[in-house]
Ligand SMILES: Nc1ncnc2c1ncn2[C@@H]1O[C@H](COP(=O)(O)OP(=O)(O)OP(=O)(O)O)[C@@H](O)[C@H]1O
């Protein structure tokens, strides 16, 4: 048998060769888990897989569910290492840890880009966060981005927005090229791509793979999984790995694959596409007399193609090479692993800037927030317009008004529950690719999204409602009232944040956030007299945002104000005493401290939950 030539197509010259990635005896299992407990048997999705990804274009092909994405993810360090029962991945003879993901490039299948940003802005975002500022000046970063734009043929759409659900942006192929560019910013010597042509028409797919081919000639080893490519794409592959049911059925030069299978009795029709033909072989849609004969000798269910490959010269040659590398070339230590290229404050600056720009360019939510607060402020003001000081309506109307206001502050923040759910994919990708720390993302949401989106509308709401209702005059009282509204609102937001960081499904998150709000309302001390009813549950009031908000609003309003009943004057503190409320300064401020406590605890837990989000594929 003619031995395979392991180099790339003849005549193809590399300006620079990329690294060689080797992997030996990879065994990867998954097991279904329910409520943190493993249930059911382990499923082997990679079975004793060994191979070499050489400089050039390395394609991993196979039917759906064959394990091609799993193989790509394991060698790229993106799959949960807990499932790796055995095996080792090395780059140029150095053992690789799961952190390889940070020092190489990984392009995910579903492009995760900021839709309100142009192609150039997205690339610059990546450059700003992933290039060390002490090594690259702003000019250098701009030059790098321009170079990538030119290299990927993105000149015509460089200043076009990527696009959102409301904004038509660049085409699918341009999005994919931009996603590739985001990774090229760091000049990775290894580039992994998960099905880069899925969802693209054949011409666009062709141009993407051609560009990857060009990159591979300039020192980047390109490795990707791919579904049935057309012939012009197949021709660009240097190395081909064919997977079937978690095992390799071929791994070697792409231009030798047809000859290898011809030796097994599979002959391609004259006008058939080799990629289609190879997939038909693995799917069992093409038969070979040699293999039919062999099948009868193997145990039932045994993957005959995989067994045959393991016995082949080409595989023995790979094993020999792996052995040699392990013995002679093995360098103790690890391939370059991650860390962040930029400091915490620099990241915070860049990410906050993007969050603010994104908010300004996609202002629907901010406008809605502002309008709802103004309308509610006017509505509350009209319903409780200039509440008199005469009893009993003075107390009845104030009590109703405060309950209405606090309820609005709490329930108007249900929308905050979507904050980490909407951006979960982009956060996971950017965080695991080393763009920024989790704390940076979290703080950017607080400083650049939450505070402006809540503080300004709530202050407007408070001013409108307060003066229309004719509440306790004096700027100090208004300031304390506005502070109470802001803290009540932020406490509700922090509960929503906690749910948002813990649950990935919007429908479930909505339920989980509405439930505690309803409980807090019932046990806030306004709807139920907790001394006579449900006394065994009365401890819940200590966790109620309603209780603290209402108590603070009452104290602020009744303290220092006199009311009139049948011609006599009754100080507001009398009413406060009857309600069991402490009218002293501490009586008021203890509620603010409690609200701040709820905010701090929920925000801290949200951050912990964000850190705990599963980043593995
Ligand atoms: N995290 C996981 N949890 C459960 N099953 C998994 C997981 N990862 C992979 N699998 C299973 O392993 C098998 C191989 O999956 P993989 O995604 O690698 O296949 P694939 O060849 O890339 O298929 P496709 O082309 O459809 O993406 C499938 O049966 C898949 O359901």
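Counting begins at 1 with the first residue displayed.
The backbone N, Cα and C atoms fix where each Cβ goes, and this holds for glycine too.
Feature annotation from TrEMBL assigns domain 'ABC transporter' to 30-270.
Here the transmembrane segment (367-387) has long-range neighbours at 393-394, 397-398, 400-401, 404-405, 408, 412, 415, 453-454, 456-458, 460-465, 467-471, meaning same-chain residues at least 6 beyond its ends whose C-beta is under 8 angstroms from one of its own. Residues or ranges marked as transmembrane segment in TrEMBL: 367-387 (among others).
The transmembrane segment feature in TrEMBL is assigned to 399-421 (among others).
Below 8 angstroms of C-beta separation, residues 348, 351-356, 359, 365-366, 369-370, 372-374, 376-378, 380-382, 384-387, 401, 405, 408-409, 413, 416, 419-420, 478, 481-482, 485-486, 489-490, 493, 603, 606-607, 610 of the same chain, each at least six residues beyond the ends of the transmembrane segment (442-469), sit close to that stretch. Sequence annotations record features per position, and here TrEMBL assigns transmembrane segment to 442-469 (among others).
Positions annotated as transmembrane segment by TrEMBL: 475-498 (among others).
The transmembrane segment annotation in TrEMBL covers 505-528 (among others). With a threshold of 8 Å between CB atoms, the same-chain residues lying at least 6 positions outside the transmembrane segment (505-528) that come near it are 399, 403, 406-407, 410-411, 414, 417-418, 421, 492, 495-496, 499, 534, 537-538, 540-541, 543-547, 550-551.
For 588-608 (among others), the entry in TrEMBL reads transmembrane segment.
Each residue in the domain 'ABC transporter' (30-270) has a pLDDT score, and their mean in this model is 90.
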